[in-house]
Amino acid sequence: MLSMLESILLSVATSEAMLGILGNIFIVLVNCTNWVRNKKLSKINFILTGLAISRVFTIWIITLDAYTKVFFLTTLMPSNLHECISYIWVIINHLSVWFATSLSIFYFLKIANFSHYIFLWLKRRADKVFVFLIGYLIITWLASFPLAVTVIKNIKVHHNNTSWLIQLEKRELLINYVFANMGPISLFMVAVFTCFLLTISLWRHRRRMQSTGSKFRDLNTEVHVKAMKVLISFIILFILYFMGVLIETLCLFLTENILLFIFGFTLSSTYPCCHSFILILTSRELKQASMRALQRLKCCET
């Protein structure tokens, strides 16, 4: 039986998850509708659609995983179910981070303004960069999945073992956990680096505008700022997400601490929910579609 605080926290996390699913499904529906209407899908809309679909699956997986562990943790949890959920999460989580990183690289190549020949070469060959990212995704998948299998199997064994043995193996298991997530972590670091370069580009652009004596905020600055909001929010929310997943993993060693586990679930649910609404608010197309949807809902109520 859950305590009052645990029930409230679980309700908050579940509400976050449901809102995240609705927000991501909305992005998919808008982009797919435009795809059917225009008979083509732009690169940015493809990335946003793929990101939204992967996040819907991510939310379902972490929610299912949380509920099975909360209500089966003190009894007999089906180990095969836990193992299956963990494998699916490894694949979908990797794919979700890849789409988010691809989005950051797309913004960087489209918006940033550098005269360096490497940047100009990449800007002219954006399609090849995208193909390279697909190759990198496959390579990191192949490299990290065997380690993920080891971690999942070790957790399954240690969860059924004695407490002193768990304490003895904990450091090794956490090291393996970090290495198993090196693929998503490396992709995240690429997103951080592109955000840093985009910040430099914005700073240079503002200096250039000040040197020319312009006091008006131009379109290029607004585009830079919108992209920065998306990337910085992604970085902050993904750190919270990773912390939440790490807390949930650590709670496998602290089976009596349900509250801490639910807190980790709440943190991990924040990223796929909040960032999706930030994407909607910063995209003119998605924002207009959301305003039209809200107006229709108001008309239906009246």
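FYI, residue positions are counted from 1 along the chain as it appears here.
Every residue gets a Cβ built from N, Cα and C, even glycine.
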With respect to Swiss-Prot, which of the residues N113, N160 bears the note N-linked glycosylation site?
N160
Going by the topological domains in Swiss-Prot, would Y87 and A289 end up on one side of the membrane?
no
Please determine whether the transmembrane segment (258-278) and the transmembrane segment (8-28) are in contact (criterion: at least three Cβ-Cβ distances under 8 Å, sequence separation 6 or more).
yes
Go through 88-108, 129-149, 183-203, 234-254 and flag the stretch with the largest number of C-beta pairs under 8 Å relative to the transmembrane segment (44-64).
88-108
On the topological domain 'Cytoplasmic' (204-233), the mean of the pLDDT values is 76
Out of 88-108, 183-203, 234-254, which stretch touches the transmembrane segment (129-149) the most, going by CB pairs under 8 Å?
88-108
Remote residues contacting the topological domain 'Extracellular' (1-7) - C-beta distance under 8 A, at least 6 residues beyond either end
70, 258-259, 262
If we skip the immediate neighbours and take only residues 6+ beyond the ends of the topological domain 'Cytoplasmic' (29-43), which ones have a Cβ under 8 Å from one of its Cβ atoms?
49, 52, 106, 126, 130, 285-286, 289
